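The structure appears below as structure tokens.
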Amino acid sequence: MTEYHVRIRELPPTDKPRERLRSSGAAALADAELLAILLRVGIEGMNAIQLAQQLLVEFGGWNGLQRAGFEELAQRRGMGEAKTAQLKAALEIGRRLLLAGGDERFLIRSPTDAAQLMQIEMSHLDQEQLRAICLDTKNRVQKIQTVYIGSLHTSMVRIGEIFKEPIRLNSASIIVVHNHPSGDPTPSPEDVVVTRQIIEAGRLLDIDVLDHLVIGAGRFVSMRERGLGFGKP
């Protein structure tokens, strides 16, 4: 049987993504509808909503689209460079909005709060990065600083670099975060050693090290919760 595909312009007004956004707000739209608005048009035999749904399934949702390379997306049927550029720009706007939101959004109350702040970007990095979240006396984010790029070895990481920005900002505390490109967030023995060194340096500088998070693929480990590096050696 020949499949029958309805173009978006042939849908009832109440089913068109842009009209639904106007009448009900963006939060009411499904992921495929939001993506369809960016794509604008579909391809032969597939409207923009269906194309959007296919992309979301193929790449594993928004995180997968964020991780996908520009060329990988642009070569997909129905995409091309213009649509890929629009999509990548929209995803980057969302990432920057998350990182630059108001104080209330970025009040860190738990390891989960800190992980949610960092996971979107750091879970898809292809190199290890060590970052420090600088916090004020109310645990509000002051700045997120990239300290080091490369494998986390005690001989390579300069502990003093971690505290340069917290000292400048007069931070009360920091949360250290690094990623495992393998996707497995299990802390290594080197991670534990580095954590102890960072905590000791923080004590000397009167800057509390609240936690060290290891980010993996959709998962994270709080080394404080595991008692790794935060207890007695």
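Placement of Cβ uses the backbone N, Cα and C atoms for every residue, glycine included.
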Which of Asp191, Asp206 shares the Zn(2+) site with His178, His180 in Swiss-Prot? The record says Asp191
If you run the three-state DSSP split on His180 (Zn(2+) binding site), which class comes out? coil
Per DSSP, what is the helix/strand/coil residue tally across the domain 'MPN' (107-229)? 44 helix, 36 strand, 43 coil
Return the count of C-beta atoms lying within 10 angstroms of the C-beta of His180 (Zn(2+) binding site), excluding that atom itself. 23
His178 (Zn(2+) binding site): tally of other CB atoms within 10 A of its CB: 26
